[in-house]
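Lifted from Swiss-Prot, the feature list:
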- 7-27: transmembrane segment (TRANSMEM)
- 74-94: transmembrane segment (TRANSMEM)
- 107-127: transmembrane segment (TRANSMEM)
- 147-167: transmembrane segment (TRANSMEM)
- 179-199: transmembrane segment (TRANSMEM)
- 230-250: transmembrane segment (TRANSMEM)
- 257-277: transmembrane segment (TRANSMEM)
- 297-317: transmembrane segment (TRANSMEM)
Amino acid sequence: MNEWTPIWVNLILILAVLFAFAAMLSWIERRLLGLWQDRYGPNRVGPFGVLQIVADSIKLLTKEDWIPPFADRAVFVLAPAIVAVTTLLAFAVVPIAPGIGVVDLNIGVLFFLAMSSLGVYSIVLGGWASNSKYPLLGGLRAAAQMLSYEVFMGLALMGVVMLAGSFNLRDIVAAQENLWFCIPQILGLATFAVAGIAEARRLPFDLPESENELVAGFHTEYSSMKFGLFFIGEYVGITLISAMIVTLFFGGWLGPVLPPLAWFLLKTFIVIICFVLLRAALPRPRYDQLMTYGWKVMLPVTLVNLLLTGAVVLSVA
């Protein structure tokens, strides 16, 4: 694609690939979890169970679209849409390859952080509008967790911004031509990855929807495609965090021999596999442990990383 390609062509193609990738991620995750846990994963619908995602989609689409009579109807319907829209908007600034991307913003990092922080409204509104105690508790947990870890995520990115000298994600990729930022920003990478898992509400940080405490958390009362939108938002979210890690710390599309698009997709897929492995390997912490870890460990580490990066940049300058 060149610079004259209409933006809507880029938009449609990226959305199609993103939804297909997120859908396949569901199948890949379940197959890998089955492999690592020494059991069968999906293996009945289609070869190797690959059509299980189609069966799940049909099941969700044919379920009754039920709204509890005690719920706040308008907000209840709006909440699932917010999580999907904000995640997709955050993905708009991710540069997939030269000439491939929805929009090239000079404030791409800030736009990503802004859209990511708006996702908490979906969870809080969904829990509140359900007018039920378990969704409300899940929404309150999500508000504290996501707002807290948004701080650490932003601080982790500032080291990368200081090294690249720009908030533009394409400039950040170009700045890694000689050295990927995963080496000088190893502390930033670690804190951003942990904060990203917490922001995406994935195991082991899925406290807002922990089944053994809150039934299903903030989406307990949801069914049909409203539940499906939360599900899609979660998988698109983990794809977004993986793509941002690749862009910020692993050189984006940069690499030898293979085309830039192939490098970007390969790196993103490897990061996603690492996140799935974390889900299989780590237990869920208590909620107080999660918050304590954030403010007593993550915050000091990000501040130390910021100070060290600033000192290096000033000394070189």
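Just so you know, glycine gets a Cβ as well, placed from its N, Cα and C.
Note that the coordinates shown come from a computational prediction; the quantities given were computed from them, not determined experimentally.
Below 8 angstroms of C-beta separation, residues 106-110, 113, 116-117, 120, 175-176, 181, 184-185, 187-189, 191-192, 194-196, 198-199, 248-249, 291, 294-295, 298-299, 302-303, 305-306, 309-310, 313 of the same chain, each at least six residues beyond the ends of the transmembrane segment (147-167), sit close to that stretch. Within the chain carrying the transmembrane segment (230-250), a Cβ under 8 angstroms from the stretch's Cβ atoms is held by residues 18-19, 21-23, 25-26, 60, 80, 83-84, 87-88, 90-91, 94-96, 112, 119, 122, 126, 157, 160, 169, 172-173, 176, 180-182, 185, 188-189, 192-193, 196-197, 199-202, 219, 222, 264, 267-268, 271-272, 275, all 6 or more beyond its ends. Here the transmembrane segment (74-94) has long-range neighbours at 14-15, 18, 67-68, 101-105, 108, 111-112, 115-116, 118-119, 121-123, 125-126, 128-130, 169, 221-222, 226-227, 229-230, 232-233, 236-237, 239-240, 243-244, 247, meaning same-chain residues at least 6 beyond its ends whose C-beta is under 8 angstroms from one of its own.
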